[in-house]
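Asks: Can you keep this structure in mind? I'll have questions shortly.
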Amino acid sequence: MLRIICGMETRVGRIIVLLFLLVVLGCVSGNDSGEYDNCNCDDEEGILSIQNILVGQKVSDFLISIAYFSIPIELLYFVSRSNVPFKLLFLQFIAFIVLCGLTHLLNTYSYHGPPSFQLVVCLTVAKFLTALVSCATALTLPPLIPLLLKVKIRELFLRQNVLELDQEVGMMKKQKETSLHVRMLTREIRKSLDKHTILYTTLVELSKALDLDNCAVWMPDEERREMHLTHELKANPSRDFRNYVPRNDSDVLDIKMNRGVRILRPESALGIASNGGHGGTGGAVAAVRMPMLRVSNFKGGTPEKVETCYALLVLVLPKSNFRVWTHQELEIVEVVADQVAVALSHAFILEESQRMRQKLAEQNRVLQQARKDAMMASQARKAFQKVMSHGMRRPMHSTLGLLSLLQGENMRPEQKIIGNSMLKVSRVLSNLINDVVGISENEKGSFSLDMKPFLLHSMLKEAACIAKCLCVYKGFGLEIDVQKSLPDQVVGDDERALQVILHMIGDLLNTYHQGNLKFRVFLESYGGDKDDKINEAWNMRNQNDYVHIKFDFQVISSSQSEELVPTINYASSGYHNNEQTEGMCFSLYRKLVEMMQGYIWISPNPQCLPQGMTLLLKFRKAPMLGKSIVAPRDYSNSQFRGLKVVLADDDCVNRIVTKKLLEKLGCQVTAVSSGFECLSAISASNNSFRIILLELHMHDMDGSDVAGRIRNFHKWPLIVALLSSAEEHEKQRCIQVGINGFVHKPVQLHDMADELRRVLQRAGA
């Protein structure tokens, strides 16, 4: 603007200087004309003679006058045709110019000779008027010059403002048009929440709005190693180029690392693939990134903490004309890409939420089914426990009680052997039943070993006695070889060791029709053993505190000419390897042996049938216990004679057997079948009963509830509970309600006597 004003001031100054020079020249020419006429100089010949000079002045004055007379005419026409300010100034200029022209015209007459009086008067008047008009114009012009400049500057300012307003209006129109396109595209994009519909709508609407030749969307694969062409506006089924681009491509990395729209090079692989494989012959290609946020991006904080996955939107201009991307089009593409990214993120999050909802519904269904199965399993377990308890455990307890009664009777030696064998086998079977019930009741599905000192030779005699009975029944011969240097007293679980030994004997006897069973027991040494890894497993720090005993069972033929004949079950099963020889029952016993820190294995014959079994057990050496472990018990102790006892048991057989055991000890027994009958009997006896024997689990009332009611009113009599091995966890609760002692099932005579004696001694009775 200042440059324009300075240029205007320069032009106005030049015009003023030109007018001043014209006036001065006019005045000078008028004054000089007379001087040359009165000059008395001699004429000189040539171009520069006085006469030629005068002729030149005359022609010049005439031309100047004509010019002066033409200028006012032009000014008058301009002033009359336009609304020009400062018309007085223009009239003064016109008068000044006319007078100057008149002066020059009069000077032309002064070159023909001496001027006449009339000519001098006219010339003088003209010059005087010219001087007056010149002075008036000179005095009028200085105050008007700033006004003229201000008018001109204001005009320039208005023109500049008009230009700026036109530009702003154009930008507003472009912005309005851009916003209309964006709103239209956004409205179309957000009509659906399906990602495929969103992308196809974006391609179609962008193509319509920007008149594109093609649009394409590139998405990363699952491993995020390549970008695949997933959506395209104009798909070319006969394309002969690849529809994937490596993720580490320079253009792909540049687009992902920068915001905004990027113009791709003509040789760009991404642009060529999006342009139908035409390369540089196609139109200009632009690309922009679109972040695809998922639910995982919002776990644990802001989305920047998780690597964002980007899709690429590639747009191709038509190739028929030399069209380039404009700033307005790039803005539309960038805004639309942001809107598409938001819509895609919503679609992905909705899709993942629906997938998670379906997954949760499936998990809920599975949990409900698992809960139903667990309830059914619990009910089945309870039913199994009930069947085992009522169908097997209680009858076995009764059998053991009856067999214990026979121990004190006068029987022949053969009868005692059979009775003791029956009692021992019954104990083994009872322990098995208790283990099964205990495992079913235990949530972990396991049981603990009962480690206690026992007489090893006594256990071996019982095992040999049972083996003898089984061999006689099966028609087998029996050879027993027990090393004499075996320790007499060891610490371990004798009952479960006997279970394993009886299982091994029974399994071998069931394999063949007849033969001889060889039973050997000896100490295991550490040199030249069958399997080196077994020796390594047994190699411990304090070997002096433990003994390792091997139980070896082999079935051999009765004579060298005969062969062992397997039973039908084993012959038809068709065993072909050692793993099939080890059945499910053997596997269970092997786990039991491993719990006892032992090892068991099978020695098969050429037909892969078990011909021998070996058991290796580790026992801790027991301290010398003297003869207290084998001291005979006095079952008919006079301490129990006349002792009044109340027996409460809802099982009829067990109640009768337990009553017989108590009577054999000399007690006076009152047997009842329920907890209410027990309370009634105690109330009616006036505290004459000294001991109450309670079954913990009765139908009408639990034994602990009966004990609690008794202790609420009486500190006497003493209460002893009948407790099975699977109910050890109930001891503490029984002690809290006031129970004084426990007799473990199966109830046997010596166990009953020992517990009653202990309870009476502690009570001081």
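Glycine is treated like the rest: Cβ placed from N, Cα and C.
Annotations in TrEMBL come from automatic prediction, not curation.
Quick paste of what TrEMBL says about this protein:
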- Cys100, His104: Cu cation binding site (BINDING)
- Lys745: ubiquitin cross-link (CROSSLNK)
- 387-623: domain 'Histidine kinase' (DOMAIN)
- 644-760: domain 'Response regulatory' (DOMAIN)
- 1-30: signal peptide (SIGNAL)
- 86-106: transmembrane segment (TRANSMEM)
- 126-149: transmembrane segment (TRANSMEM)
Asks: Tally the residues of the domain 'Response regulatory' (644-760) by DSSP class, grouping H, G and I as helix, E and B as strand, and everything else as coil.
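Replies: Split into helix, strand and coil, the domain 'Response regulatory' (644-760) gives 60 helix, 25 strand, 32 coil.
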Asks: I'd like the Cβ neighbour count for His104 (Cu cation binding site), meaning other Cβ atoms within 10 Å of its Cβ, all protein chains included.
Replies: 28
Asks: Looking only at C-alpha atoms, tell me how far His104 (Cu cation binding site) is from Lys745 (ubiquitin cross-link), rounded to the nearest Å.
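Replies: That separation, Cα to Cα, works out to 160 Å.
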Asks: Identify which of the recorded positions Cys100, Lys745 has its Cβ surrounded by the largest number of other Cβ atoms within 10 Å, counting every protein chain shown.
Replies: Cys100
Asks: Quick one: pull the CA-CA distance for the residue listed as 'ubiquitin cross-link' versus Cys100 (Cu cation binding site), whole Å only.
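Replies: Distance (Cα to Cα, whole Å): 156 Å.
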Asks: On average, what pLDDT score does this prediction assign to the domain 'Response regulatory' (644-760)?
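Replies: Mean pLDDT across the domain 'Response regulatory' (644-760) comes out at 84.
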